[in-house]
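What follows is one structure encoded as structure tokens, with my remarks underneath.
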Amino acid sequence: MRSRKLGQYIEGTIVEMSHDGNGIVPEGKKSIFVARTIPGERITATIKHRIKNGFLAHLETMTESSPHRQEPRCPHASVCGGCKWQHIDYPFQLELKKTLLLNAFQNQDISIPFEGIEGSPDLFYYRNRMDYVFGRDGSLGLKEAGQWWSVLNLSTCFLLSPETTEIMEMVRTWTRASGLPFWDVRTHEGFFRYLVIREGKNTRERMITLVTHDSINESIAEKMQELKPLLGGMASSILWGINPHITDLSFADKIIPLKGDPWIEEEINGMRYRIAPNSFFQTNTIMAARLQDTVKSFCGPLEDQIILDLYCGAGFFTLSLSGARKRIGIEIDPSAIEAAKLNAQLNHVEADFYAAKAEEFDWKRTCPQTVILDPPRAGLHPHVIKTLRQVLPKRIIYVSCNFKRCAEEIPLFLDVYKITRARALDLFPHTPHVELVLCLERI
């Protein structure tokens, strides 16, 4: 790369996309990354930040635009961190995701039997959960792209449901009038932190959780009770969540119900799931059902099979595999395991669930024919890989929300397994993310 300086003006052509959704102008061994661009576009940009593999630059002008460029529906799309690809038409979004995914495996000299990407039928209002953050000035919305400390005060949002905008405005007005301070991520001071909205798309239930710091006293507790009449007509559950830590997370250590139960329920493929405020649940309800279908089909005939579901969460895959001889789920989060056991009871399903780290639980004696892996974005723990290679189940189903990390791990299995099926599902329209499901069969 030629010598570059911050603030320098550059011209170039976007050649490809990075795995995090930015356009790439290659320059030797390093590159310039420009958000909100599309391959084939000629652009001018200003270099803003130095990063490990090059520079981040701010788009200034386009001298030649892509035929796949479209006008974003959301007025905040050019700066919001929520939808990086609203400027790209949806069919081409899927093509870009396919290219990024296949390239990740080709970089590891792996060819996969790819069955394609299944697109989402809903491109807007497809999510069942949104975590909106408060800014120190009382703004309420999402983080500005690339600016962890800056909150965009959203006037609208097309991710959750049409009622979201009204809920946000009601809460924004109420919090500003309360006289209580807003959380400052730099000084770690303040009270109001997050507004978390979760919906059961198929049950029509809604849970609103206002997450605050731990400054609790009688007057504040009385103040929080005002949320019940304010939002009562908009939600089946209204909760007060308390997070006393400085970490920038919406997770609440303590939940105080203000209205209704501290959960909602959702129905996927005829199974009912109870979802607690802190529980993980697939965020695209329609595509979650199709993800379940994909995993089930990759498992093959379930009769006489023992299925081990590592990283099982609240039993999303475990409970859906009706017909298996035995189902076992392992999850590090005790509250998720309690939810899984409850969900099993709700659906009259027999399954064994254990709260433990996947890398520490001794599951060798379970003798599973199929192991389902759905790890966090960081991927598999080395001990999990080691145990899988010792137990050698007939089949491994790897569900990955981080195909780049998955491609890096798969070579560790290919001396004893072969990839027999690979399918992607787009749970996240207008983002560079895509869910990948691989089936590995023992050689």
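Even glycines carry a Cβ here, placed using N, Cα and C.
Neighbour density for Cys401 (active site): within 10 A of its CB lie 17 other CB atoms from the protein chains shown. Look at TrEMBL and you will find Cys401 tagged as active site.
Per TrEMBL, the feature active site, nucleophile maps to Cys401.
Counting Cβ atoms from all protein chains shown, Asp374 (S-adenosyl-L-methionine binding site) has 23 others lying within 10 Å of its own Cβ. Among the features that TrEMBL reports, S-adenosyl-L-methionine binding site is placed at Gln282, Tyr311, Glu331, Asp374.
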Which residues, same chain and not among Gln282, Tyr311, Glu331, Asp374, have a CB within 8 angstroms of the centroid of the CB atoms at the recorded S-adenosyl-L-methionine site?
Phe280, Asp309, Cys312, Gly313, Phe316, Phe317, Pro375, Val399
What count of other C-beta atoms do you get within 10 angstroms of the C-beta of Gln282 (S-adenosyl-L-methionine binding site), across all chains shown?
21
